[in-house]
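What follows is one structure encoded as structure tokens, with my remarks underneath.
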Amino acid sequence: MKYGIIGYSGRMGQAIEELFSEAGHELVYQMDENGEKEIEKPEVVIDFSLKEAFADTVRVIKEKEVPLVIGTTGLDDTDFAKLDELAEKVAVIQSFNFSIGINILSELIKKVNKYVDRDWDIEISETHHRFKKDKPSGTAIMLGDLLERDVEMHSKRLGSEFGEHEVDFASIGEVLTLKHRAYSRKAFTQGVLLSAEKILDLEPGFYSFSEILK
Ligand code: NAD
């Protein structure tokens, strides 16, 4: 496949290029904060950049009319409305977390949430490397949305941590903890590769990564 990356020079952009080139895919378009370079029109564009780049991402997808896999965090409701608009013409796969483990964790959270009543406390903690700009993480927000109530969120920015998320459910006398930790960026890039390969066969529309896994 011929693909493009927005956020090409970033930590995720570089990890994506490494895995995609191992899989035999060809990088033909790239963009970062220093500008863009196009060798050929890509069949799919992958965006792992920052919210600041989002207006450019929308422009590029409108111009090229190619599918989009987007993992950039920090997006708000207005940005999601723009993704919905793009999805009328092309397939869009969006997730704040492309790891398989976090998607399993999401299913477990929904299950546990059915068993605990309003008397239980629920709090989410996340730890990421010192360079991560948004806080709380997109994943913490995504997990919080599954709980159907406001929950406290705690964020740490430490060293080179790839991403740790923990959800505590506690009543007087007991605590149940669900936890996921990414040991490497491969946790995310494998899901991005799977999404980019599948998106070529999808009709226009908005898809979550969990739908792709099903
Ligand atoms: P990074 O800071 O290393 O890289 C950011 C990239 O975006 C750089 O290439 C930078 O040049 C580019 N950029 C910044 N401003 C830009 C602009 N205005 N126009 C064009 N490009 C611009 O960040 P990272 O660690 O690679 O993470 C990238 C994004 O991916 C973040 O939003 C992060 O939270 C997210 N992320 C998502 C997942 C997931 O599974 N969804 C996993 C890890 C990281």
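Each residue, glycine too, has its Cβ placed from N, Cα and C.
Annotations in TrEMBL come from automatic prediction, not curation.
For HIS128, the entry in TrEMBL reads active site, proton donor/acceptor. TrEMBL lists LYS37 with the feature NADP(+) binding site. Taken from TrEMBL, the feature (S)-2,3,4,5-tetrahydrodipicolinate binding site applies to HIS129, GLY138, THR139. The domain 'Dihydrodipicolinate reductase N-terminal' feature in TrEMBL is assigned to 1-98. Taken from TrEMBL, the feature domain 'Dihydrodipicolinate reductase C-terminal' applies to 101-213.
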Using Cβ-Cβ distances, find the residues under 8 Å from HIS129 ((S)-2,3,4,5-tetrahydrodipicolinate binding site) that belong to the same chain and are at least 6 apart in sequence, listing them in sequence order. ARG157, LEU158, GLY159, SER160, GLU161, PHE162
Does DSSP put the residue listed as 'NADP(+) binding site' in a helix, in a strand, or in coil? strand
Compute the C-alpha separation of LYS37 (NADP(+) binding site) from THR139 ((S)-2,3,4,5-tetrahydrodipicolinate binding site), stating it in Å without decimals. 31
HIS128 (active site, proton donor/acceptor) sits from THR139 ((S)-2,3,4,5-tetrahydrodipicolinate binding site) (Cα to Cα, rounded, in Å) at a distance of 11
Could you list the residues of the same chain, at least six apart in sequence, whose Cβ is under 8 A from the Cβ of the residue listed as 'active site, proton donor/acceptor'? SER137, SER155, LYS156, ARG157, LEU158, GLU161, PHE162, GLY163, GLU164
Any further residue of that chain within 8 Å (Cβ to the Cβ centroid of HIS129, GLY138, THR139) of the recorded (S)-2,3,4,5-tetrahydrodipicolinate site: THR73, PHE96, ASN97, GLU126, HIS128, LYS132, ASP134, SER137, ALA140, GLY163
What residues, ordered by sequence, lie under 8 A Cβ-to-Cβ from GLY138 ((S)-2,3,4,5-tetrahydrodipicolinate binding site) and sit at least six positions away in the same chain? THR73, GLY74, LEU75, PHE96, ASN97
By the 10 Å Cβ-neighbour count, the most surrounded of the binding-site residues LYS37, THR139 is THR139
Given the model, what does the mean pLDDT over the domain 'Dihydrodipicolinate reductase C-terminal' (101-213) come out as? 96
Which secondary structure state does DSSP assign to HIS129 ((S)-2,3,4,5-tetrahydrodipicolinate binding site), in the simple three-class scheme? coil
